[in-house]
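Peer 1: Next up is a structure, given as structure tokens.
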């Protein structure tokens with residue numbers, strides 16, 4: 001394992017499998033009535049969140065606490081950052097406090113790489129701009145592996161705003177590493193012009209891809225894209241790329257539906273699809289804590305008691 | 001004064017006698033009282049930069065006319081064109097005269113202010129181009145550099161208007177809507193890194209339009225910092241029509257590529273590589289080199305853009321765009337063009353001194369080194385290779401992408417009208 005987890009592309013297959021397997025072990029801990037392990041006692045994990053993301057922050061916080069780490073939550077709002085402090089100065093402050101790991105969420109792509117040049121502790125990317133969100137990809141892979149029994153040769157379809165999606169980037173890299181076959185489906189405006197160089201297939205036709213999918217991951221459409229001429233209207237997007245009941249019926253009977261949340265119900269995914277038994281959306285949240293425990297545990301070199 | 005043992009454009013060793021700021025005699029074994037030993041260095045006509053940001057007035061924390069021209073002298077330059085995007089903007093006779101006077105006062109090299117095309121670089125109303133042309137600064141180059149004059153009517157009027165005083169509009173070709181929020185070259189690397197792409201077409205479309213406009217009104221157009229292979233194709237076509245168009249390329253676009261943003265010795269997403277126009281691909285670099293060699297691109301211009309440390313030690317999207325370049329330009333051109341066999345030293349002199357002076361309509365600069373010419377001379381030793389050390393720069397800023405890189409050549413001495421501004425690599 002590297003010292004940091006910034007890109008899913010940094011994980012070799014063995015690393016990724018080690019994280020998933022470790023998470024399986026830790027999942028058993030989560031099933032106990034006392035969920036806490038002493039492995040990271042005395043270690044400090046800082047949650048450095050420059051973007052509001054209560055879901056991800058709580059997930060990392062729960063993961064660190066279950067491993068008995070001391071957790072410091074640093075939110076940019078109302079802090080020295082809102083008074084104009086630079087990322088570098090914030091990093092040096094955390095360094096002086098002796099952070100063993102910094103979990104960073106930032107609106108600027110690449111911010112975790114910059115942070116890693118200024119701190120000695122491990123840097124975990126909790127989502128950077130439109131770049132990556134590797135723990136999301138890991139929890140998605142974990143969820144798929146549990147439902148589908150394995151990822152080798154599985155067909156995973158990722159649908160939506162790939163251009164601006166850090167979830168899509170991390171998933172394409174990790175799923176490729178793990179031997180799955182990824183197909184991206186989106187209107188051409190929401191795909192990078194260079195998507196042909198990615199290790200995946202690309203289609204503009206969701207209906208053609210659905211019957212061949214073992215898992216379908218719907219991406220959130222951000223409100224700000226809706227008014228920026230990426231597509232004509234919400235309704236047209238929903239008609240062409242939304243996973244409604246009719247499309248859901250075209251999927252194989254054992255195929256699963258995923259969404260990293262938060263969802264726009266009725267836009268990219270119909271409510272009854274999101275709530276169906278084949279949806280892993282709630283599991284994904286639970287698995288998020290487990291996978292983040294595994295990541296912190298492996299990066300900080302704890303031992304399973 | 002005698003400058004001994006120099007090789008004009010890399011030719012046979014000679015001595016130069018300098019008297020009253022002019023080259024008085026050229027030949028072997030000249031006798032005279034004072035002398036400077038050239039040590040067999042190559043003698044070039046003093047370099048002329050068409051594109052320098054001196055930052056004064058307004059951002060004296062990044063650079064001043066004094067430090068910027070010291071930096072220029074160390075790079076072998078005897079004249080620079082100071083871009084207009086200062087604060088206040090150089091859009092009036094008052095501001096251009098202020099910059100011009102500061103240049104005269106410090107005397108490290110000649111400073112020729114560039115005037116803004118539009119008031120405040122806002123792209124709405126023509127600045128008083130005639131007043132700037134008639135001022136003591138005698139402005140001939142006009143540019144909204146950093147911003148594109150994207151309004152086609154305004155660009156047409158500017159091109160027409162400057163004909164009255166033989167001016168030239170130097171366009172920063174960048175279609176603003178296509179580059180809204182753009183961070184780096186749009187391509188394979190930007191897609192992976194999740195950085196908003198800066199498509200080549202945003203540059204090429206404006207260059208194509210401007211060439212057609214310049215042809216239509218019979219004006220002179222200069223294209224700043226050409227960065228793409230497609231731009232080269234358009235310029236080649238426009239020049240084949242005989243239109244009065246010139247173009248420049250920066251040293252960094254001749255050497256560096258966009259994959260440095262992903263992988264480099266200074267880490268991923270290091271804004272030291274953030275620049276406008278962005279670093280492009282290897283294919284673009286090859287096309288730019290070929291174009292500079294065959295004359296499609298006329299000159300090398302540095303786009304020396306100093307920024308203080310805190311404007312670069314940030315996350316990528318928050319960082320300022322630009323690189324310092326005056327003190328490394330000749331070395332980079334040697335590496336990219338001379339070592340590759342694309343240019344000889346006569347070709348370098350054309351592209352870094354003679355032609356830029358001609359485009360800027362400078363009379364006392366860019367003259368071939370011959371008897372009677374002003375003694376603006378750069379002595380350059382191409383035989384050494386050294387590691388770039390930004391702490392040695394005369395520039396106030398250190399934002400160089402070449403730190404730690406080994407580059408060929410060293411400016412030994414620079415003479416401005418016979419007076420040394422740099423000797424043995426050090427400011428005089």
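Any Cβ shown, glycine's included, is placed from N, Cα and C.
Pulled from TrEMBL, these are the listed features:
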| type | residues | note |
| --- | --- | --- |
| DOMAIN | B:41-229 | domain 'Dihydroorotase catalytic' |
| BINDING | B:51, B:53, B:145, B:303 | Zn(2+) 1 binding site |
| BINDING | B:53, B:54, B:55, B:85, B:276, B:307 | substrate binding site |
| BINDING | B:145, B:172, B:225 | Zn(2+) 2 binding site |
| ACT_SITE | B:303 | active site |
Peer 1: Nearest to residue B:303 (Zn(2+) 1 binding site) in three-dimensional space, by Cα, is which of the binding-site residues B:54, B:55, B:85, B:172, B:225?
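Peer 2: The smallest Cα gap between residue B:303 (Zn(2+) 1 binding site) and any of the binding-site residues is with B:225.
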Peer 1: Going by Cα-Cα distance, pick out whichever of the binding-site residues B:51, B:53, B:145, B:225 is nearest to residue B:307 (substrate binding site).
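Peer 2: That would be B:53, the closest of B:51, B:53, B:145, B:225 to residue B:307 (substrate binding site).
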Peer 1: Using Cα coordinates, what distance in whole Å links residue B:172 (Zn(2+) 2 binding site) and residue B:55 (substrate binding site)?
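Peer 2: With the alpha carbons as reference points, the distance is 18 Å.
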Peer 1: Check the DSSP secondary structure of residue B:225 (Zn(2+) 2 binding site), expressed as helix, strand or coil.
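Peer 2: DSSP assigns residue B:225 (Zn(2+) 2 binding site) to coil.
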Peer 1: Per DSSP, to which secondary structure element type does residue B:51 (Zn(2+) 1 binding site) belong, with helix, strand and coil as the options?
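Peer 2: Going by the DSSP assignment, residue B:51 (Zn(2+) 1 binding site) falls within a strand, counted as strand.
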Peer 1: Which state, by DSSP, holds residue B:303 (Zn(2+) 1 binding site): helix, strand or coil?
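Peer 2: Assignment for residue B:303 (Zn(2+) 1 binding site) reads coil.
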Peer 1: Using C-alpha atoms only, work out the spacing between residue B:85 (substrate binding site) and residue B:225 (Zn(2+) 2 binding site) and round it to an integer in Å.
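Peer 2: Given the Cα positions, residue B:85 (substrate binding site) is 16 Å from residue B:225 (Zn(2+) 2 binding site).
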Peer 1: Among B:53, B:54, B:55, B:85, B:276, B:307, recorded substrate binders, what is the largest CA to CA distance in Å?
Peer 2: 17
Peer 1: Which residues in the same chain, at least 6 apart in sequence, have a Cβ under 8 Å from the Cβ of residue B:51 (Zn(2+) 1 binding site)?
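Peer 2: Residue B:51 (Zn(2+) 1 binding site) has long-range Cβ partners B:81, B:83, B:145, B:170, B:224, B:225, B:248, B:250, B:301, B:302, B:303, B:304.
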Peer 1: Quick one: of B:85, B:276, which of the binding-site residues has the smallest count of other CB atoms within 10 A?
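Peer 2: Among the binding-site residues B:85, B:276, the lowest count of other Cβ atoms within 10 Å belongs to B:276.
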Peer 1: My understanding is the cutoff is Cβ-Cβ under 8 Å with a sequence separation of 6 or more in the same chain; which residues meet that for residue B:55 (substrate binding site)?
Peer 2: B:62, B:63, B:64, B:68, B:86, B:306
Peer 1: Can you give me the Cα-Cα distance between residue B:53 (Zn(2+) 1 binding site) and residue B:276 (substrate binding site) in Å, rounded to a whole number?
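Peer 2: A Cα-Cα distance of 13 Å.
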Peer 1: Comparing the binding-site residues B:53, B:225, which residue's C-beta has the most other C-beta atoms within 10 angstroms in this structure?
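Peer 2: Within the set of binding-site residues, the most crowded position is B:53.
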Peer 1: Need one number: mean pLDDT over the domain 'Dihydroorotase catalytic' (B:41-229).
Peer 2: 98
Peer 1: Would you mind listing, in sequence order, the residues at least six apart from residue B:54 (substrate binding site) in the same chain with a Cβ closer than 8 Å to its Cβ?
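Peer 2: Residue B:54 (substrate binding site) has long-range Cβ partners B:63, B:64, B:65, B:68, B:69, B:80, B:82, B:83, B:86, B:99, B:111.
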